[in-house]
Ligand SMILES: Nc1ncnc2c1ncn2[C@@H]1O[C@H](COP(=O)(O)OP(=O)(O)O)[C@@H](O)[C@H]1O
Ligand SMILES: [Mg+2]
C-alpha cells in the first residue's frame, strides 16, 4: 500500500531523496479517509438522482396505464377526465422551442456583454454594468412573468404586427393575429431571465483566459476582436458551453413566468406570433391545484419527461466538451 | 527583409511610474543585439515598446520616437497591427495557443492576415517549422495539440509562429529562461541562423548567452528600486565583455553588482 502510494504521489518530500528512512504511516491514512469521503459524496449525488427518477417513475405509472391515448404523441391534456386522455407531445415541443428560442436570443447578447465587460469597457463602467446584470439575476421569476403579461405584451404585439407585415411570408411569422400570449412573448421574457446567468458565467470564463495567450495573439498583429477570436473564445469554449447549458437548464425548468406569458394552448406549431404555446413546467403549475389523483400522476409523468430532456441536454454538452479535451489542457 | 531600429529618447511608464528613461540606441539590421542588466531595470519594458506591446497594459504609455527604417512607429496614423506584424515577438514563457494544433499555431498569424489557401498555409507552416529547427520533430504530428510538446519544443513552436508571418524584426524576451540547457542550446543555434534574415533583439540575464549569441550588447541598469532604468553602455559584444568603457558595466559583468 505505502509502496504504491509513494509512486503515485511524486510531490511527497520523501520521494525527493535526502538521507534516512522513508517515513511511513499516518499520511496515507488521511489520504485514504479523504478518498472514501470524496467517493461517498460523489455516490450520494448519484443515489439522489436515481432516487428521484425512481420516485417519478413509480408515481407516473398508474396514470400512464390509465391513459387511453398515446402519451408520447397525443397533444391535449385531459388527465382528470374518465377515461383520462393526455399526451406530452405539445408540452415537450413547447418546452424545447421556447427554451431554444430564448437561448438563440440571449446567448449572443450575453456573450457580447460579457466580452464587453472583460475586454472592452473601462474597468469602472464594467463593474457598474456587471452589478446591474447580477441584480437582474436576483429578480424573482414571478416578477418577470407579471411584467411580461401586464406590460410587455403590448410592445410584443406591436412587434408581432411589424414582423407579420414585413416578414409574413416566413411561416413562423404567418399568424394574422390576434397577438398577445405567444411563443414570442414567452421566449423573449425567458431570454431576459437567462441573460444574466449566461452573462455572468461567461464573464468569469473570459476572465480566465491566460494573459500570455492574449498577448501572443496581439503580438502577431491581431486586432482586439481577432485576439478574442484567436485566444479568448476557443479557450473559453468549454466554459461557454457550460454557461449556456446552465442557462438552458434554467429555461427548461422555468415555470411561473411561462405560465403567465404563454397562451397555454396544447398545439404543435412553429407559429411564433399567435396565441399559443405551453411547456411542461408551466402546465404542471397551471394544472396541479385542480388535478385529481390520476391528474397528478399524469403531471408527474410529464415531469419525468422534463427530467429526461434535461439529462439528454447535459449529456450532450458533456460529450461536446469531452471530445475536444486534449486541446483544452487545463481548461476543460 | 531586416530593418534598422532607432530608439530616440524612449521613456515608458506604468501609470505614473517611469520604468525606463530616455533610452536612445540604434540596432543594425541582420544582427543580434542582446539587452542585459539586473532584473527590474526595464529590459522587457524597452523590448515591448519596440513593437508597441507595452501599451497593451492598462495605464502604460511610451514617450519618444522609435524609428523602423526611419518611420516612427508611434506616429498617430500608424497601424499598430501592421507594426506588430512587422516586428514579431517571442515571450519568456512559451505560450502556444492551448486550443490549437501545432499546425494551427504556426499559421495563426497568416490566418489573421487573411491567408486561407491550404497550399500556401502548408508551405508557410513547413518553412517556419524548418526555420525554427522543429520540422523533423513534429512533421508527423502537425495536428496534435501544440501544448503537448516539451517546453523547448513549445518555445521553438512560438518562434515558428513568430517567423511564419515573415517579420522584419524578432524580439525575444528571455526566451530560454524556462528551458533546460539542451533546449537552450537549440534555441541559441537557431538565433545564429535567424540572424541571416532577421534583425534580432534578445533580452537575457544570462551573460554567457549574451556573449555567445549577440553582435552588440546593451547594458541597462537602475540606480535603486523605484528609479527608472537607463541604458548604461551599448557597444560591440566583444568590447562589452572584455573591455567595457563604463565602470558599472564592468562591475556587472564581473559579478560585483547585480
Ligand atoms: N505590468 C507592470 N505594472 C507596473 N509596473 C511594472 C509592470 N511590469 C514591470 N513593471 C516595473 O517596471 C520596471 C521594469 O520592469 P521590466 O521591464 O520587467 O524589467 P526587466 O525585464 O529588466 O526585469 C520594474 O520596476 C517593474 O517593477
Ligand atoms: Mg523581464
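Each residue, glycine too, has its Cβ placed from N, Cα and C.
Checking the ranges A:34-58, A:59-83 against TrEMBL, the transmembrane segment annotation falls on A:34-58. Counting Cβ pairs under 8 Å to the transmembrane segment (A:34-58), the stretch among A:86-117, A:129-147, A:179-201, A:239-266, A:298-317 with the most such contacts is A:298-317.
Contacts between the transmembrane segment (A:298-317) and the transmembrane segment (A:179-201): absent, as fewer than 3 C-beta pairs lie under 8 angstroms at sequence separation of six or more. Relative to the transmembrane segment (A:179-201), the listed stretch A:86-117 leads the set A:86-117, A:129-147, A:239-266 in CB pairs under 8 A.
Sequence-distant contacts of the transmembrane segment (A:86-117) (same chain, at least 6 residues past either end, Cβ-Cβ under 8 Å): 63, 67, 69-79, 126, 129-130, 133, 183-184, 186-188, 190-195, 198-200, 202-203, 205-206, 228, 232, 240, 243-244, 247-248, 251-252, 258, 262, 265-268, 270, 272, 277-281, 283, 298, 301-302, 305-306, 309.
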